[in-house]
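As recorded in Swiss-Prot:
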ACT_SITE  GLU170  active site, proton donor
ACT_SITE  GLU368  active site, nucleophile
Amino acid sequence: MAHTEQYRFPKDFWWGSSASATQMEGAADRDGKGQNIWDYWFEKEPHRFFDHVGPADTSQFYDNYKEDIRLMKELGHNSFRMSISWSRLIPNGTGEINDKAADFYNNVIDELIANGIEPFVNLFHFDMPMALQKIGGWVNRETVDAYENYARTCFRLFGGRVKKWFTHNEPIVPVEGGYLYDFHYPNKVDFKEAVQVGFHTMLSSARAIQAYREMKQDGKIGIILNLTPSYPRSSHPADVKAGEIADAFFNRSFLDPSVKGEFPKELVDILKHEGFMPDYNAEDLDIIKKNTVDLLGVNYYQPRRVKAKEHLPNPDAPFLPDRYFDPYVMPGRKMNPHRGWEIYEKGVYDILINLKENYGNIECFISENGMGVEGEERFRDEQGIIQDDYRIEFIKEHLKWIHRAIQEGSNVKGYHLWTFMDNWSWTNAYKNRYGFVSVNLEKDGERTVKKSGKWFKEVAEHSGF
């Protein structure tokens, strides 16, 4: 590649990728790990998972972490975001620590650092320990106490070496999946519980931040949010209002309390009007107010487009946020034909400028961005390399908009692709591939670097393209 970079990034920019414990570790029932909701749900309803592939069959990072981390180094990573499996470290959610799990995470952290890769560590990535789900999960306030204890345990065990912590990844997703739209366990449709889950998750984040600061570990702590911009169909006031309400439900519900310490008035007004306020006390709001994040991870894949409701909602149907807006399919939109998602690269710029203008230009980074492709094997050449030019194009076009945001003063510090190697995408299992590295499940998880991985190495090494 000729090194006439048109897009130069700061020399200390964080280049890397992100992943989560349940999606890549494998070894779901080994070495003392307790069950989480994914292990349990797969056992109960394997037919709901693509090709009946469950969390025990994921990408075997548990056994191959040394080789995988060496590969990260080869692909130019200076940082990598992982998560700790709560039910691996503390099998029942509370109580005894699993020493083998502590050893594993210590080894992974040490190996990353030895390879010049800074570990970014997230505490919760959709994987509630089953023992806690049995008492209600995030609906039950006791889970908040258990989570704070888990967070303190992680800080104590790993905080000497880990200086970038995150309390949650996409906390709105377990709310949507578990309590509104039936794509996570416990598969309920119950808006009252959804609100309680959201509130307790937010409180748990603030309490972990408070604990981290009490422990004086001289790092930074934040949260990772999927900030999908809500674009209205038109400038008609009804469409604009639909966009603002969707934004309050899905973005500002966690963004505002995480960065500003308070919930958006538009959302609170709707919850009061509809009779869905959560149980809480004044001290909870004070803890949320005082314990805002140092650093924000931004996950961005696709925009959300909405319009004013076309029809009156069925009064007997369960209450869902969609009572206030309809999805809008914009004619002529650019699509990822392999995944059914819209590609709108400017969305990442819009998020960063919004954070700059309305959220104090908080220090942030792109913590996930990526392109899932079904049937990626058809792009493998004679040498066995997947020629994923579509992924290179996708990353490049997003990086151009991130670069523009930096030129305009955005405090964005890095870019992590989802994900390093193909991983298990929850109920979609291995249907859509996202990695820089392909994983062949038929050949014992054999790793092969894709064309995009080689390209990314060049970009990271030159901090630009």
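Heads up, residue numbers simply count up from 1 along the chain you see.
Yeah, the Cβs are placed from backbone N, Cα and C, and that goes for glycine too.
GLU368 (active site, nucleophile) and GLU170 (active site, proton donor) have their C-alpha atoms 10 Å apart, to the nearest angstrom. When secondary structure is read from DSSP and collapsed to three states, GLU368 (active site, nucleophile) falls in the strand class. Cβ environment of GLU170 (active site, proton donor): HIS125, PHE126, ILE224, LEU225, ASN226, ASN299 lie under 8 Å away, each six or more residues apart in the same chain. Under DSSP, GLU170 (active site, proton donor) is assigned to coil, being neither helix nor strand in the three-state scheme.
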